[in-house]
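Listed features, source TrEMBL:
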type	residues	note
TRANSMEM	21-40	transmembrane segment
TRANSMEM	60-85	transmembrane segment
TRANSMEM	97-115	transmembrane segment
TRANSMEM	135-156	transmembrane segment
TRANSMEM	200-221	transmembrane segment
TRANSMEM	233-256	transmembrane segment
TRANSMEM	276-298	transmembrane segment
TRANSMEM	318-335	transmembrane segment
TRANSMEM	342-362	transmembrane segment
TRANSMEM	382-398	transmembrane segment
TRANSMEM	410-428	transmembrane segment
TRANSMEM	448-471	transmembrane segment
Amino acid sequence: MQRFKKLEDHLQPLQRLGLPYLLGVGALLTLIAYAVYIYLTQQLRWGLGVTGMNTPTYWGLYIVNFVFFVGLSAGGVIVASLVHAFNIEKFRSVARIAELLAISCLLLAILFITLDLGRPDRVFNLFFYGRIGSPLLWDVIVIGTYLLVGMAYGYFGTRCDLVKCMRLFPKRRWLYRVLALGYTDDSPQAIARDHKILKILAIVALPLAVALHSVTAWILGLVKAKPGWHSALLGPLFVVSATVSGLALVILTVAFVKRILKLPIKEELIEDLGRLLALAIPVLGYFLFAELLTVTFAAEPTKIAIFEEMIVGKWAPIFWFNLVMGLVVPLVILLKPAPRLIVAGGAVAALIITPLAARFSFPSLLGHFLPAVASLPGWVEYPLVWMTLLVIALLILAHPRWAASTRVGLAAFLVVLGVLAERFNIVIPPELHPLLPYPHGAYTPTWVEYVLVAGVYAIGVLFFVVCSKLFPLVELEEPKGG
């Protein structure tokens with residue numbers, strides 16, 4: 001009886017659509033249709049001149065998101081490989097979600113590259129005139145291979161459940177037969193054979209993932225003309241950053257589908273994923289620290305100019321968001337509620353820091369009452385603001401005892417946003433400071449870019465929510481006997 005109940009829990013999302021689901025899909029389709037309209041009537045017609053990209057800022061939000069989504073695809077491979085390559089069975093219930101996310105993120109990365117081309121038909125030039133010594137061609141080869149492996153991952157991990165769905169949903173039998181590519185065998189021997197194939201794919205996918213994120217980093221890191229890109233640390237940094245952000249996306253999605261679709265995913269499983277994320281965050285922090293230390297200690301003028309602009313200049317809010325809200329706060333959340341001593345210390349710190357930070361937001365108000373604060377140097381502005389947010393987060397998170405899915409999901413959400421901010425600061429600021437004595441560049445995204453980016457994001461969400469109604473997101477365990 002318990003087995004039947006568990007099977008029913010797995011199949012519940014497939015049995016009905018519901019008004020909220022239909023409204024959500026309708027909203028996504030509307031946004032996608034509007035983005036397609038803007039693309040056809042604006043960017044495709046007038047070219048990249050309708051974007052904020054210019055000389056010397058040749059790459060903008062599209063490439064930022066390309067690098068971001070290539071990195072996000074790592075989480076699916078990591079979690080799936082823990083199951084298939086290392087036989088860690090406790091993660092099996094989320095392996096399919098991870099595989100689906102990996103495929104989705106790679107498809108979105110390809111869409112962003114298409115947007116950045118301006119003329120999509122010129123993608124064929126890579127095949128006709130591509131140079132094997134170019135990292136761009138390496139990236140095309142690795143992404144294509146990685147996507148094929150990811151799709152094979154998804155197919156062999158799902159087809160036995162698709163065969164089961166043929167019996168459980170006779171009216172949709174034709175659909176599941178198409179998705180399974182005509183496959184109809186779900187015998188124990190067939191399942192064992194699929195598991196062997198998945199193990200081989202997992203062993204192949206892990207080094208391929210490292211190659212993918214390394215090659216993506218080398219597109220930037222091998223460019224000597226951009227001082228902020230040319231670094232030996234960029235490859236390892238991208239691999240670690242992809243691991244952290246990809247794992248965070250898996251956690252966020254698992255927490256979301258558990259709450260919305262009521263899938264039978266244990267809180268302990270989400271906590272275990274959160275522990276992995278907590279171990280990975282300090283590694284990413286170390287690589288960021290090593291890169292910043294190398295730049296500041298060498299004191300090369302062009303690199304220092306970029307560094308100063310990120311710390312206290314135009315891009316400082318993005319930098320400090322990444323550092324504080326994308327690394328420190330998630331780590332604090334994942335380390336469980338803080339002891340009372342830390343809460344008390346945070347409260348005292350809040351009383352001191354909050355007025356200092358508020359002074360920079362409301363100088364005309366606080367300057368009259370706190371003249372000592374008004375005399376502080378300007379370089380403390382952003383650190384104080386983000387330190388205040390950190391203290392507030394500590395006070396909020398230390399008190400309520402949230403469920404693991406809520407607490408860990410919030411931490412994962414902040415990590416994903418933090419890595420997006422990191423990708424922005426890696427791609428954009430170095431373009432604005434040429435090595436030669438030319439005028440510095442500027443970049444402000446236009447409304448066209450924002451609409452198209454939102455449209456691509458909507459495609460990714462739509463892909464996932466449609467798949468959630470096509471086949472079980474959690475591997476089925478068919479009941480045996482009565």
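Note: Cβ is positioned from N, Cα and C throughout, glycine not excepted.
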Closest-packing stretch to the transmembrane segment (448-471), where packing means Cβ pairs under 8 Å, from 21-40, 97-115, 318-335:
21-40
Outside the transmembrane segment (200-221), six or more residues from its ends: residues with CB under 8 Å to it:
67, 70-71, 73-74, 77-78, 80-81, 83-85, 135-136, 138-139, 142-143, 145-146, 149-150, 152-153, 156, 229-232, 234-235, 237-239, 242, 426-427
The transmembrane segment (97-115) and the transmembrane segment (410-428): do they have three or more Cβ pairs under 8 Å, with pairs 6 or more apart in sequence?
no
Given pairs 6 or more apart, does the transmembrane segment (60-85) have at least three Cβ pairs under 8 Å with the transmembrane segment (233-256)?
yes
